[in-house]
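Colleague: Structure provided below as structure tokens; questions to follow.
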């Protein structure tokens, strides 16, 4: 089975153009790719004809003798030279065609909302009881229109997570971190650090109980690999490159896990392969220059647990639903109220055919903020990484489908806890589901996180 985009290119290029239009991308790329593929197939026919001629000629030579034999040998050598030149031409065209095709984003799923940006994203589900400050009720109802959500009005204004972290609890310091490392770095202390690790332990405990294999992956990848996993031309300003090395720091364990079978074949009867990766995540956040400058919501480094699945094409949508269900279960157990959003075509990113975001309500900000991104990348990554499945029973090969979803991004989830679990006196309740991961440590918080009287630094 060939790559889905290549199939569309040959069978229905207009549909491929429509897909690019849904993403607001120049459709002339399709015309260029069609011409290259047409040329490739023409040269392929010539190569196959020359191979056949050479094989026929080679089979005749042993039966000949004398001058006729010498003549056929010379003819065979000349034909072989022509064949080798044509094969090089074929390879060159194929590389050029595949390079162009690799710049194309994934095919957008039919049920993805059309629209150029995130204002066209569609909320499809709400869960939990939402705490809403009395001055924000109108804004909350605007964001949850016609959803019939359950909410309670509170009379005191919750403090933002940045203020809670640094000025109330005195358990974080971003100013000092900025002095020594730059903006979007942080120092976290004591109870917040315990909370970070409790979230990670909870996530890997839950996900592995669902049958996922726990993996600690490489934190760096070679350039050839990372540009197969992501659209590096678009995201080169979002990820860190090691100076004078062909190595990039990963932005998520998804990158390393996706490359686990780089240029390999997987037996079909071994699919699906499900992994839970835990790693730091390193991000430049270059495109977010003026967003979330305070606090730890949008930072250059954080800890993350990632879900990842290698699937057969026919089962990938089933597993996409499984991934978001797992993520929902985690946030339901944390009792953090959220909504699920179906991401619009122009906001998808190149890899994904469809993406759900899980966004938690932040009462201090009076808005929903992204905590989880859950994508079906179908065969987009697999084609670029040359990861195929083998069905020996039916003598078939095809590209696997790859899927990924956040389980927990630690710092973002901490911001949600600080805003949703704070009391008016500044005390923060520890979510009940996390307490068993903290009770084994004498110095860890058990039920509540209390403000310190003095700053640590």
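Counting starts with 1 at the first residue shown.
Just so it is clear, glycine is given a Cβ too, placed from its N, Cα and C backbone atoms.
Okay, so Swiss-Prot annotates it like this:
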BINDING   252, 253, 254, 306, 406  L-serine binding site
BINDING   283, 284, 285, 299, 370, 371, 372, 373  ATP binding site
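Provide an account of the burial state, proximal residues and distances for the features listed.
Modeller: The Cβ of residue 253 (L-serine binding site) has 27 neighbouring Cβ atoms from other residues within 10 Å, across all protein chains displayed.
For residue 373 (ATP binding site), the same-chain residues that are 6 or more apart in sequence and have a Cβ closer than 8 Å to its Cβ are 355, 356, 357, 405, 406.
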Colleague: Identify, among the binding-site residues 306, 370, the residue whose Cβ has the fewest other Cβ atoms within 10 Å in this structure.
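Modeller: Least crowded of the binding-site residues 306, 370, by Cβ count within 10 Å, is 370.
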Colleague: In terms of DSSP three-state secondary structure, what is the assignment for residue 285 (ATP binding site)?
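Modeller: Going by the DSSP assignment, residue 285 (ATP binding site) belongs to neither helix nor strand, so it counts as coil.
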Colleague: Note the Cβ centroid of 252, 253, 254, 306, 406, the recorded L-serine site, then list each other residue of that chain whose Cβ lies within 8 Å of it, in sequence.
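Modeller: Near the L-serine site, beyond 252, 253, 254, 306, 406, sit 255, 257, 277, 279, 281, 304, 305, 307, 308, 404, 405.
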Colleague: Suppose we draw a 10 Å sphere around the Cβ of residue 299 (ATP binding site). How many other Cβ atoms does it contain, all chains included?
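Modeller: Total other Cβ atoms inside 10 Å, all chains included: 21.
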Colleague: Using a 10 angstroms cut-off on Cβ to Cβ distances, just flag whichever of 254, 285 is the loneliest among these binding-site residues.
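Modeller: Candidates: the binding-site residues 254, 285. Fewest Cβ atoms within 10 Å: 285.
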Colleague: Roughly how many Å separate the Cα of residue 285 (ATP binding site) from that of residue 253 (L-serine binding site), to the nearest whole number?
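Modeller: Just about 17 Å between their Cα atoms.
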Colleague: Sequence gap of 6 or more, C-beta under 8 Å: which same-chain residues meet both conditions with respect to residue 283 (ATP binding site)?
Modeller: 238, 239, 240, 251, 299, 300, 301
Colleague: In terms of DSSP three-state secondary structure, what is the assignment for residue 253 (L-serine binding site)?
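Modeller: Once the DSSP labels are grouped into three classes, residue 253 (L-serine binding site) ends up as helix.
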